[in-house]
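Student: Below is a structure I'd like to ask you about.
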Amino acid sequence: GTPQKYDPTFKGPIYDRGCTDIVCCVLLVVAIVGYVVVGVVAWTHGDPRKVIYPTDMSDHPGTDPGSGFPPDTRLPKALPRLRRLHGSSSPIQICVSKCPDQFLTYLTASASRSELEYYRNFCVPEFQNLQKPLIEVLKDKECPAMIIPSTPLARRCFPAIQAKKGVIMVGNKTTYDDGHGRRRNVTELLEGAKKANVVLEARQLAMKIFEDYTVSWYWIIIGLVIAMVASLIFIVLLRFLAGIMVWVMIVLVILVLGYGIFHCYMEYAKLKGEAGSDVSLTDLGFQTDLRVYLHLRQTWLAFMIILCVVEVVIILLLIFLRKRIVIAIALIKEASRAIGHVMSSLLFPLCTFFLLCLCIAYWASTAVFLSTSNEAVYKVFNETACQFSGQTCTPETFNTSNVTKLCPDAQCLFAFYGGETAYHKYLIVLQFFNVFMFFWLANFVIALGQVALAGAFASYYWAFKKPEDMPAFPLFSAFGRALRYHTGSLAFGSLILAIVQVIRVVLEYLDHRLKAADNKFAKFLLSCLKCCFWCLEKFLKFLNRNAYIMIAVYGTNFCTSARNAFFLLMRNIIRVAVLDKVTDFLFFLGKLLIVGSVGILAFFFFTHRIKLVQDTAPPLNYYWVPILTVIVGSYLIAHGFFSVYGMCVDTLFLCFLEDLERNDGSAEKPYFMSPDLKKLLKKTNKDQPDA
């Protein structure tokens, strides 16, 4: 706390501290070690190539040289998977050396030796008997019933569908032979290949977007730099214009409401004497055409009364809260000065963003490796009664086992991914742990950033002489204090939040599973739980944020800091509400101004509407690509700048409240607030000159 007697060398309460919540710190370290172990085990057993590379019906990867395929399948490294899109049975998945380039049915190919040899490239490797009857070949799923011209994409064959002058074509043809001597239109293939066509169109769209980025990336960077400069200028101007902007907006709201009252009165007076205008709302009842109500005098009278009530309430609030509004504006101006003395804080969100990216990358890679850790499970399939049906089998030894002797038509086919080991049985638990650790570490990174910023800005507030009494590197010092003393407290706060977020994920999963159910009570209960935990998460984020500020200021543990921050805010609830709404308005205005101005500038530039630089703008396939990129990037930049500003305002506000409650301006307990705040509150430090 503050010292009993003022010492000119004293620099505030932020330096006297010790380690807090050590148990949670140890728990976090143990959890991180366990998370690393889970990642190593997942990377040892997992194989992401199962997701990237296609497989045939026996789960043999198309790029595996040791899969037992004929030598020609090794020639192209990208071996696509051919799906038969025509027919009612399950699709045949075969690894091939290249995609088919012509329409052909097995019935047509069987009439020609050369065509049958070509067709065999798209059959299973075991198919060698060219004299085998057609019905048996299709029944055993050794060859597809039909092949169509296809194009390779992502190691898979997709129908080569294209449109030329509004005509749908596949392989430059509009019709094909169905094998029975009939010509069919290729549009009949569209339904079966709809998803494949979407993928091809997405590929073309992606290529055009990539081309747009290659010719406009430097202009996009220029737009983002403009947004960064505009955000910085806006924060600097808040020191001088915050009061003007707030009061102008308040006056405009009052004037708009006043005009609304005047307009309602004029409409009410104009309808006097008109037929049907005196009908009451109760007699008229509910009408789907809302314009009917605008022809009633009672409607405009109701509008006028409502606006008058709102106008009176706002004026009364201004009368009673004017001083608190002035204090909020003064704190916002003070926050601009604080950021001016800790300019490195504006770049600090990049550090938090980088650490969050590491968390996301580790979580995503571990999730992929865990999900691909399952082994291929083969089971016995047969069409007649067999005692071994559904049992697991080994393809390499299946033909020499007793199963084929007792059940001649049985086959050992790939069924699903799974496993019998303890590791495979607990994969779902490891995935759950992966998700939980992601939330915990992500919240910890955010908490670390908040404490570091709060410590830096608190060092500004608690400097008796600003900025002479501030440390040389306030942000670096605050970051070091947070890691050295308060890792446990940050782990505690982020753990509580992570538990609530994981519960919300589980509830969302249950909601997804219950969508097809008819149990209305269960759906209602689930909706209530989702709403409650959403509110709880919002409250915990608010509480944690202020607890972290108290940790940065006083170095107390998480529970003590959360309790002190909560009751301090509750004792000043009106000031909290006023400051919150004033800052929300200014941040909304700043984001709207920055994103809107930069977005409009980008629109006029990329659409060649600025004559001075009309020839400079690059030619584009879609001009909305760089415009949307600039708008989204500008919003993220403005949000990053204003998040720092918001943390500064909240920190100074809590320090300001603490200063008012703990100090009285005496020589033993002087105020640390700035001269402007002291002048505003008519406070002075006795026997101590103002800084």
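Cβ atoms are placed via backbone N, Cα and C, with glycine included.
Annotations in TrEMBL come from automatic prediction, not curation.
For 21-43, 217-237, 244-262, 300-321, 342-364, 437-464, 485-507, 547-570, 582-606, 622-642, the entry in TrEMBL reads transmembrane segment.
In terms of burial and nearby residues, how do these features look in this structure?
Tutor: Remote same-chain residues near the transmembrane segment (21-43) are listed as 362, 365-366, 369-370, 373, 423, 430, 433-434, 437, 440-441, 444, 486-489, 491-492, 495, 557-558 (criterion: CB distance under 8 Å, separation of at least six residues from the stretch ends).
Distant neighbours of the transmembrane segment (300-321): 250, 253-254, 257-258, 260-261, 264-265, 267-268, 271, 281, 294, 574, 578; these residues of the same chain sit at least 6 beyond its ends, with a Cβ under 8 Å from one of its Cβ atoms.
Panel annotation: around the transmembrane segment (342-364), residues 39, 232, 235, 434-435, 437-438, 441-442, 445-446, 448-449, 452-453, 456-457, 460, 473-476, 640-641, 643-644, 648 of the same chain, lying at least six beyond its termini, place a Cβ under 8 Å from a Cβ of the stretch.
Long-range neighbours of the transmembrane segment (437-464) within the same chain, counting only residues 6 or more positions beyond its ends whose Cβ lies under 8 Å from a Cβ of the stretch, are 8, 10-14, 28, 31-32, 35, 335, 338, 341-342, 345, 348-349, 351-352, 355-356, 359-360, 362-363, 470-471, 474-475, 477-479, 481-483, 486, 490-491, 493-495, 497-498, 501-502, 544-545, 548-549, 551-553, 644, 647-648, 650-652, 655-656, 659, 670, 672-673, 691.
Counting same-chain residues at least six beyond the ends of the transmembrane segment (485-507), those with a Cβ under 8 angstroms from any Cβ of the stretch are 17-28, 432, 435-436, 439-441, 443-444, 446-448, 451, 526, 529-530, 533-534, 536-537, 540-541, 544, 547-548, 551, 555, 557-559, 561-562.
Counting same-chain residues at least six beyond the ends of the transmembrane segment (622-642), those with a Cβ under 8 angstroms from any Cβ of the stretch are 208-209, 212-213, 216, 219-220, 223-224, 227-228, 231-232, 235, 346, 349-350, 353, 587, 590-591, 594-595, 598-599, 602-603, 606-607.
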Student: Report the listed stretch (244-262, 547-570, 582-606) having the maximum count of Cβ pairs within less than 8 Å of the transmembrane segment (217-237).
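Tutor: Stretch with maximum Cβ contacts: 582-606.
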Student: In the same chain, which residue numbers or ranges, 6 or more beyond the ends of the transmembrane segment (244-262), come under 8 angstroms Cβ to Cβ?
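Tutor: Sequence-remote neighbours of the transmembrane segment (244-262) are 303-304, 307-308, 310-311, 314-315, 318, 325, 329, 582, 585-586, 589.
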